[in-house]
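Remarks on the structure that follows.
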Amino acid sequence: MNERKLHPSQNVLSGEIEVPGDKSISHRAVMIGSLAQGTTHVSHFLDGEDCMRTVKAFRSMGVSIEHKETSLIIEGKGIAALKEPKEPIYFGNSGTTARLMLGLLAGFPFFTTVYGDPSLSNRPMDRVVSPLKQMDAIIDGRGDGNYLPLSIRGKMLNGINYALPVKSAQVKSAVLLAGLLANEETKVTEQTITRNHTENMLKAFGADITTDGLDTKITNKKSLKAIDVYIPGDISSAAFFLVAAAIVPGSNVKLKNVGLNQTRTGIIDVLNTMGANMQVHNQQVSSGELLGDITIGHTALHSTTIEGEVIPRLIDEIPIIALLATQVEGTTIIRNAAELRVKETDRIAAVVDVLSTLGANLEATTDGIIIYGKTTLTGGEVSSYNDHRIAMMAAIASLVAEDDVTIDDVSSIAISYPTFFDDLQTILN
Ligand code: S3P
């Protein structure tokens, strides 16, 4: 346990930081780089615990991956060179590693067993196992293949025409990655656009993949070609400082090189709707992904309703948006977000518990949260639920709380943002 007591702060947030690389894109760079032919150099890689699970998984299948700070050198020799791992592969807490790797392992020509930590072992895998079985995959495990540990007897897969029943980029990506290894075309159709980093990364490596509205088609193109990848800053990490600057009076910060892929910028739309004092500058494209700098200052904001198509575009930012809503006038309603109940923890229950302990006025619904603002936060002792985004939400809450905020365990922050407290210190003046 790594308890942290945060004292009330009189400081403002000012200056600039560059948040670590995007978690989703970092995973995909490792996976696709490991399948390609040639040397892939990855820079600004997120070397948090989750992405390192993906690195270790490929090392255990014989891929040489050199890791130094935020750089990776991946020596890809193509899919045929991958080897059957000698040990079960441990995915830790990482849902993205688990879901995406299941798609790949189903099509690799060998046997694997995969397992995770207690949180990951309780998260549903049927959402990927079911379409993979329709592609002829052989997967079995606990709960009829719904929970880790799972065993996979990899083989040549059939293509599939699949309408996604859940709004999940992880499920879409698992089917597309399996489609990359299948013997005929695979098509996935989404209900709503979700993050498209798998599609962008596959295109950048030369895969045969096309997207038309909600449809994406992929065919097996025997060989992908290594490239150099720069990973933009993770907007899901930047979100903590966007909200901090918006709610701490007198603040003004610049966040550099943040990923601005439209499938991820729901938080920017919400802040704009609430009346934020925010600008985006220096936009550019790198390895198929848009990035730029964001400046944001404190100003009085108002409540809003967050629902429908924007939800997948800000799904990981809902805990910090809930904190934001406690600090604005009016009632903020978040709905259509039942997916939060199957994240690293039940994030609807966790957010309501932590923020009410700190004196906020909010309630859980079946698929969201209603927050009655504006409330003064008092401080108190809270649980992180072993969830990185809940721990960081509580840490940012301490910046506007009247008393100490004690978080029972902040170690989970290393999952997605190992330098979170250092970066916070840099801009707390
Ligand atoms: C992710 C997709 C989202 C997100 C997760 C990362 C990805 O999950 O919550 O943190 O990298 O594809 P779902 O696809 O399950 O919504």
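Just so you know, glycine gets a Cβ as well, placed from its N, Cα and C.
TrEMBL lists K23, G95, R123, Q170, R389 as phosphoenolpyruvate-binding residues, and of the candidates R53, R59, R347 the one it assigns to that same site is R347.
Checked against R123 (phosphoenolpyruvate binding site) by C-alpha proximity, the binding-site residues R28, D316, K343 yield K343 as the nearest. Taken in sequence order, the binding-site residues R123, S168, D316, R347 that lie near ligand 1, meaning a CB under 6 Å from one of its atoms, are S168, D316. If you average pLDDT over the domain 'Enolpyruvate transferase' (11-424) in this model, you get 98. Note on the binding-site residues R28, K343, R347, R389: the fewest other CB atoms within 10 A surround the CB of K343. Around the Cβ of K23 (3-phosphoshikimate binding site), the number of neighbouring Cβ atoms within 10 Å comes to 24.
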